[in-house]
Every structure is written in C-alpha cells, then in structure tokens.
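Over in Swiss-Prot, the protein carries these features:
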- Cys30-Cys44: disulfide bond (DISULFID)
- Cys37-Cys57: disulfide bond (DISULFID)
- Cys51-Cys66: disulfide bond (DISULFID)
- Cys145-Cys265: disulfide bond (DISULFID)
- Cys233-Cys257: disulfide bond (DISULFID)
- 270-333: domain 'VWFC' (DOMAIN)
- Asn149: N-linked glycosylation site (CARBOHYD)
- Asn196: N-linked glycosylation site (CARBOHYD)
- 69-92: region 'Disordered' (REGION)
- 500-550: region 'Disordered' (REGION)
- 21-349: topological domain 'Extracellular' (TOPO_DOM)
- 369-550: topological domain 'Cytoplasmic' (TOPO_DOM)
Amino acid sequence: MVPKADSGAFLLLFLLVLTVTEPLRPELRCNPGQFACRSGTIQCIPLPWQCDGWATCEDESDEANCPEVTGEVRPHHGKEAVDPRQGRARGGDPSHFHAVNVAQPVRFSSFLGKCPTGWHHYEGTASCYRVYLSGENYWDAAQTCQRLNGSLATFSTDQELRFVLAQEWDQPERSFGWKDQRKLWVGYQYVITGRNRSLEGRWEVAFKGSSEVFLPPDPIFASAMSENDNVFCAQLQCFHFPTLRHHDLHSWHAESCYEKSSFLCKRSQTCVDIKDNVVDEGFYFTPKGDDPCLSCTCHGGEPEMCVAALCERPQGCQQYRKDPKECCKFMCLDPDGNSLFDSMASGMRLVVSCISSFLILSLLLFMVHRLRQRRRERIESLIGANLHHFNLGRRIPGFDYGPDGFGTGLTPLHLSDDGEGGTFHFHDPPPPYTAYKYPDIGQPDDPPPPYEASIHPDSVFYDPADDDAFEPVEVSLPAPGDGGSEGALLRRLEQPLPTAGASLADLEDSADSSSALLVPPDPAQSGSTPAAEALPGGGRHSRSSLNTVV
C-alpha cells in the first residue's frame, strides 16, 4: 500500500530513509589530493592514506568500505611493533602487507618527516637508516657513521631487518661494487675462538647501545683468510632484484675488516624542519610535510604539541593549491587565474597608469605656466595704465617695459599682485621708490643758493669769511638830472662783484635765472641826496644797497 502524501506514514518513511542512508558530509576545507574525514578533530588527511590498513581518522572513515588486503599476518607482542606502511616503499610489493593487532594512537605528527633527506625512517624502532655506496674499510665506515650522530646498523627484531631488505636504496651510476647483489658493512664482528677442525667463534656487537639486538647466524667466511686474523667484520649481503629482495633473501659474511665495501648507517630519529635542518630537543620548528603553517615542539625526536594556523581562502579563486614551503600562500589553478594573458594585462595596466600620471602632471604644470603668464600680462597692462596716467600715454625713454624691468621704473608692481587691490598695491616691505624726471623739462645744473642767502637776502653776495677777498669799489653818483650818468651807474650795479676763488662768470652762472638786481630808489624822486659809500672791502659795509628778489 502506497501511503498518501497527506498521511503521517510518508513522513515516517522519509525519516527512516534519512536514518539508514549515509548522512551528508559537511563542507570541509580540504585541498585537492586529500581525504575528508567524516567527523573528529582531524578533518583532512593525504589521499594515499585511505584504505592503507591503518585508521588515521578518529571515526576510521578512511578505512571504511575498503577491499580486503590479503597477506601474511604476523602476531606481535609486548612493545614490539612493525612499520604499518611496510611494503609500500618505493619498488615494494603492495600485496606484501603486515597487519598490526596493537592499537596505534592517531597522532597529528604521524605523517611528518623524522629523518633528514636521504634517510629512511622505521617507526618500529624510531630509527633512520641510510646506505653509503662509497667504498671504505670497516673502521673508516664506522667513523663516518659516528660523524652523522649514528653508528653501523644493528638489528633488534626480524621485522627491522625485513624493513632494511625491502628498501630500494639510491643507486648512482658509478657506485662501488654495485651489481645484482651488494654487501654492506654492519655493526657486528665475528671473533675466532678456535681453529681445530673448523673455525669456531661467536658474534659480538661492535658498538653496543641501550637496546637489545639479535645476533646473526653462522657466517660465510671469505675464501682467502689469514691465519693471523682473529677478528672478522660482518657484511650483510642483499640483492638488487625486487623479486629476491621482497622474499627476504639475504646472507651474512665474515670478511677482513680492511676490505673496502659499502656500509649501512643507523641513527635515532630526530626532529627535522621543513628546510631539512635537524632541530634540537625542546625547540619549536615547522616539521616536514604538506602543511607549512604547523608549529611543533621537538620532544624525543618527534614533533609534539603542534599548533596549526588556519588560512583564509583566497578571494576570486575557485581552485587553488597551497604552497608546500610557505604558510598561507596559494597558487590559483583557475584557467585564467594565473595565465600569461593575465600577466600581460597586469603589465599593460601598469604602463597605462604610468603614462596617465605623466600626462596629468604635464597638464598641471602647463596650467601653472599659463596662469603665471596671464598674471604677468595683467601686471604689464597695469603698469602701462600707470604710465599713461602720469605721462599722458607717452612711453618713457629708457624705461624697460618687459617683464624683467618690472619694479625698476615708475612705481613697480609685484608678480604676485593681481591688480585687484589697486595699481599701487605693495607687499611689506615696499620696494624703494625712484624719483622720475620728465625729459622735456630742463633742470639747471647749478647748485642751490647758500643757506645764508636764503635767510638774509640782502647779503647774497657777502661772505664774512671773505672780507679780504673783496676790494672796495668806488661808485660816484651823478648829479640829479644826469640821465647818461644814471644809465651808466645802473649798468655798473648790474655787474656782479668779484669774489676770491671764483670768477665773475661763475657768479653769473650761480645766480638763479628768475632773480633780478634792483636799483636803489632815485634820490631825485625821494627827495634826499644819498651819500657816496664804499662797497664791501672798506671799513664799513652797506647792507641796504642791493635787494634780491626770487
């Protein structure tokens, strides 16, 4: 029976479907190439970790609905552990997988690099391994490993040995003795205890550490052995072919310690930052990995107390990728987000902006120049009007009417004056005024009259300091009615008296053109007969004989 749309059975059926089906996943901010966990504090993990046999998400959603992995299952006990990613190394066989029955804690630093570049990390012993292909004897190889804070490798478990045999070590083109099989110096020595029917001896650890190690089986001795050698050094022989390597085929050899061979170094795991630098204990650093915004503390060779910075999503970009070396730096993967055309457009915009700025600046400078030019023209017109007011529009000879001559002639004007304040508007302090002389009015070159002559006009020709310079002049007055004698007397009186140090001509020139000498009143008209008196130079001077009228 199909429920009706308006009945409550349809609502119950819909709720049942929502309960049974998979809940909708929230929108997580995971980058491309990452797996989004359904719930928990860990939201994003690398995509290769999905279905790898080790639950990384807290809800184990990365191992849900995964195909079953067939392989050999080995039980483990105690603190013994194996590498959960064994068999997934370079060149390894994915089907050769060792399951772990011990619960592994989900750690935020489980994917971070704990060894420097070139070293292979093994989680079971928290150690790093590296093969050096340069041919050295046993003792030189041991010193090389010690300089790297390690030693020649020893093995504590069979799983550790399997991990070393499964690795594909770097193979340069020209390596020492590199063939289908290789021998590596390791940290064991075989001590001879007897030479009866056969060589008898025991294995010893050359460099003892804090952890327990297992001893190899009886070795294969070298074909050429010296009877004086009682100590032989161990060599681990492994094969280069992947088929033989993943079947754990290997052998132990006891060789002379002075033979040259490749060697295997082992060191404890350490904190390595994103720039492949070894970090000391207790220091903050950014571990190696895909998150450069992670900050951790180095403790026991592992990053702990990690704090991650959340970066804001880049604006205007739908698909992007994080920079693996710099925090909060993204690379846009949109078709036109990082194209050559976009770069060229940005460059063209920059060029156009520079040209526009240059044109605007040029226009401003041109406008300032035009304003100053108009102000100069207005000032010149004001000066012309000023000259027309004082000289009836006639141009003054010798006056500079150009812009450079402003202020040198009649009533100068400043360039900053726009003329609105009046023709004679000045700024403090005012410029010096220059007196103007009209060219059509001839100015006399004679000096002004003496000061004494201005005060006492009667003594214009008298200088008390020059009493001795004047000689008395006798003047005989004619009788009344003698016209000829009167005219002669008048002519004598009009002549200036000679002075010491000055000629008569100088005295004539020094007199003002508007001055005139008047003759005393006629004795015949006044009714009195004047007595003849001596002129200056005698014992008594006459001060009423001459009058000067200006």
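Here, residue 1 is simply the first one shown, and the rest follow in order.
Every residue, even glycine, has its Cβ placed from backbone N, Cα and C.
Values in this document were obtained by computation on a predicted structure and should not be read as measured data.
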Check your understanding: Here are some disulfide-bonded residues: Cys51, Cys57, Cys66, Cys257. Which one has the most Cβ atoms within 10 Å of its Cβ?
Key -> Cys57
Review point. Roughly how many Å separate the Cα of Cys44 (disulfide bond) from that of Cys66 (disulfide bond), to the nearest whole number?
Key: 18
Point to revise | Asn149 (N-linked glycosylation site) CB neighbourhood, other CB atoms within 10 A | key: 12
**Study point:** Residue among disulfide-bonded residues Cys37, Cys44 with least C-beta crowding, 10 angstrom cut-off
**Key:** Cys44
Check your understanding: What does DSSP call Cys44 (disulfide bond) in the simple three-state scheme?
Key -> strand
Check your understanding: Out of Cys51, Cys145, Asn196, Cys233, Cys257, which of these recorded positions is nearest Cys57 (disulfide bond) by C-alpha distance?
Key -> Cys51
Practice item. Measure from the Cβ of Cys30 (disulfide bond) and count the other Cβ atoms within 10 Å, all protein chains considered. Key: 14
Review point. Restricting the comparison to the disulfide-bonded residues Cys51, Cys233, Cys265, which residue's C-alpha is spatially nearest the C-alpha of Asn196 (N-linked glycosylation site)?
Key: Cys233
Review point. Cα-Cα separation of Cys51 (disulfide bond) and Cys265 (disulfide bond), in Å?
Key: 33
Review point. Hey, how far is Cys265 (disulfide bond) from Asn149 (N-linked glycosylation site), Cα to Cα, in Å?
Key: 10
